[in-house]
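Taken from TrEMBL, the feature transmembrane segment applies to 43-59, 80-99, 105-129, 136-156, 168-189, 201-227, 247-270, 275-296, 302-321.
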Amino acid sequence: MTKALLLINCLILLIGNCGAPLMMRLYFLHGGKRVWFSSWLETGGWPIILFPIVSAYLHRRWTQPQHGSKTKLFSIKPRLFMAAAAIGLLTGLDDYLYAYGVARLPISTVCLIIASQLAFTAGFAFLLVKQKFTSYSINAVFLLTIGAAVLALHTSSDRPANESNKEYVVGFLMTVAAAVLYGFILPLVELMYKKAKQQLSYALVLEIQLVMCFFATAFCTVGMLINNDFKAIAKEAREFGLGETKYYVVVTLTAILWQCFFLGAIGIIFCSSSLLSGIVIAVHLPIVEVLAVIFYKERFQAEKGVSLALSLWGLLSYFYGEMKHSKKKKPTAQTQMPITVPSRMESTV
């Protein structure tokens, strides 16, 4: 069940991580200008999570009739609620940093910068949850980080038209900051799981997702109110390059796809670790880059090619190390069985 759940969350993350950045960039390419509104969309679809939570509640009612009316819709306790709320506020800040970067940079460049997030995830995972590393995982993190750093050599080579060099550099730095912050958030979620002091289930993970996204959305709502974004949405929709109807389709799909991203990310942490969640996110980034080149006709310079090659090399290194490590564990278990079983029988006799 754990492996099946892990696979499901990887697929959910694949859908969200590949689709959400492209939809967000589509918003900016065709006349969208509201960064706070775009960041709000990253977690604004949180009511969607209520459907699986209610389904899990009804399932508990049907399968545990002895509890009856004592069955609660929400099982999250105050301690865990407060921790999820605090992480949610950090997520709201990360939403804004990321949305600002997407508004200023080509999506292929954004993806390669976000690849450096894995290095920060690994570092914070080591500090917060005592993540163990192998030579292969260290090599993977190093290559992915170097691959992202290559982009800094010619940061202005893919600067969009009608955008100043200053705006491009600020967008670049904002995206790096988003990578650092989310690299901290992933291990923080894992630490929250470890310190929860209540039995974790996937239904509880959904509740944590709901709380985190609610407070992240509240953070972005304050920014929207200050920036008067709510008043500008109707006008922006009328002036949208693809038409008013498609404007609302784009923003709705963006909100849904980002929910897939966040649910997949914290679901993988629940099934495995924050490091694996960061690695799976990094695995999808080359796919997004290729899709951006195909659909948005973005340029793919030599720096991006080198960065992509280093990223793929790093990912192959990590998975090769994991396969080698798992093969070592299986023979060990098999050779120990004939030794331990007879000894127990002899001691019984």
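Using N, Cα and C of the backbone, Cβ positions are placed for all residues, glycine too.
Automated prediction, rather than curation, is the source of TrEMBL annotations.
Counting Cβ pairs closer than 8 Å to the transmembrane segment (302-321), the top stretch among 80-99, 105-129, 168-189, 247-270 is 105-129. Ranked by Cβ pairs under 8 Å to the transmembrane segment (105-129), the stretches 80-99, 247-270, 275-296 are led by 275-296. Within the chain carrying the transmembrane segment (275-296), a Cβ under 8 angstroms from the stretch's Cβ atoms is held by residues 10, 13-14, 17-18, 21-22, 25, 29, 106-108, 111-112, 114-115, 117-118, 121-122, 125, 131, 137, 140, 144, 183, 186-187, 264-266, 268-269, 304, 308, 311-312, 314-315, 318, all 6 or more beyond its ends. Sequence-remote contacts of a segment are chain residues at least 6 beyond its ends whose Cβ falls under 8 Å from one of its Cβ atoms, and for the transmembrane segment (80-99) they are 24, 35-36, 38-40, 42-43, 110, 114, 174-175, 177-178, 181-182, 184-185, 188-189, 192, 195-198, 204, 208, 211-220, 223, 262. A Cβ distance under 8 Å defines the sequence-distant neighbours of the transmembrane segment (43-59), meaning residues of its chain 6+ beyond its ends; these are 71-74, 88, 91-92, 95, 202-203, 206-207, 209-210, 212-214, 216-217, 220, 255-256, 258-259, 262-263.
Remote same-chain residues near the transmembrane segment (201-227) are listed as 5, 34, 36-37, 39-40, 42-46, 49-50, 52-53, 56-57, 60, 74-76, 80-81, 84-89, 91-93, 95-96, 189, 192, 259, 262-263, 266-267, 270 (criterion: CB distance under 8 Å, separation of at least six residues from the stretch ends).
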